[in-house]
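What follows is a single structure, written as structure tokens, with notes after it.
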Amino acid sequence: MAKEKFNRSKPHVNIGTIGHVDHGKTTLTAAITAVLAKKGLSEVKSFDQIDNAPEEKERGITINTAHVEYETETRHYAHVDCPGHADYVKNMVTGAAQMDGAIIVVAATDGPMPQTREHILLARQVNVPKLVVFMNKVDIVDDPEMLELVEMEMRELLDFYQFDGTNTPIIRGSALGGANGDPKWEAKIMELMDAIDNWIPLPQRDIDKSFLMPVEDVFSITGRGTVATGRIETGLVRTGDEVQIIGLDANGKKSVVTGVEMFRKILDEGQAGDNVGLLLRGVDKDEVKRGMVITHPNKVKPHTKVKAEVYILKKEEGGRHTPFHNKYRPQFYVRTLDVTGEITLPEGTEMVMPGDNVTITIELIYPVACNEGLRFAIREGGRTVGAGQITEIIE
């Protein structure tokens, strides 16, 4: 049978399976592909194919992640599953696999365990909007009261981390049964997919957000003016648009785009994902620098103080060999810019060990255009020692 091209007209959503080790995350991922494949909405992926997740390098950090994709009647999903707990922490904190929602898998035989709690906390800290619970292995629990108890504990845990514990769907099923084609458990997998379709919100597409392009390079064309190049992160820009240059010492200088070029062709507009050159009226070459951002006027502010969730690399990952203490001053690589900043640790935290994840406050030495959810790397002498994302703007 010919391979069909994935239908891109359906809205695209990124999700993942999270939860404690051996509770059935990977088996559930395999079961979803098996059940949807019968409806022609997925390709079957076996447990082993998913479990042997390839290594990926994301901002200098190696993470094992398996990616599968499938569709429901209304949506197209990209689904991530990680083999090890450390991979989850790295993935969620660095935003390597951005999640619009997640399936938290909990075994009915155990109930919530330490990593169940830790993954829900991480989901909260990196602003995953909603979770759906899949209570797995219910086929090997004889006592219905046990199932009620696990459900109650999960709802309390969700409430504690400010997910809607009362209304979050909890589906009781058997991932193994679903993967093996037992109709009773296959129906539960479909019930789970319906819950995901209805409970997890559609993300706002990058193109619908306001225009922002980090500057990568700048050059001048004699007789025409200054061109700033970069990859448009969000939104659209058209010839004739008024724009503002932000960050470093730009002081919010305004200009007008007199041309949008891509591969030496003149375009009417550039949109999210395009690598373009913007011809800027009335701007000298030395007024725009790599690391600044170009936006529509008054949409983005430069900031110097933010809160962030970070993962610090282990020695084996090429990170630091020693812990760092309060007031540590590394470089933060934000978009296209390296900027020095000072780290303040949370109260009661003396130091941070390689391999830890921690919430920190960062004070940058000069203002940088940034926003919640923005990812960055932490560097020291040109090598990556950590990564994270901004969770709150302070000033």
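Placement of Cβ uses the backbone N, Cα and C atoms for every residue, glycine included.
Owing to the predicted nature of the structure, the values given are computational and were not obtained by experimental measurement.
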The annotated region 'G2' range in Swiss-Prot, which must be one of 5-9, 40-44, 60-64, 75-79: 60-64
Swiss-Prot annotation (region 'G4') - matching range among 136-139, 288-291, 324-327: 136-139
Among ranges 49-52, 81-84, 205-208, whichever one Swiss-Prot labels region 'G3': 81-84
Swiss-Prot annotation (region 'G1') - matching range among 19-26, 235-242, 379-386: 19-26
Of the binding-site residues listed as Gly19, Cys82, His85, Val138, the one whose CA lies nearest the CA of Thr26 (Mg(2+) binding site): Cys82
For the region 'G3' (81-84), distant same-chain residues with Cβ under 8 A (at least six beyond the ends): 16-17, 21, 25-26, 29, 50-51, 53, 63-66, 68, 91
Packing count at His85 (GTP binding site) (other Cβ atoms within 10 Å of its Cβ): 14
For Val138 (GTP binding site), the number of other Cβ atoms found within 10 Å of its own Cβ: 21
Mean per-residue pLDDT computed across the domain 'tr-type G' (10-204): 92
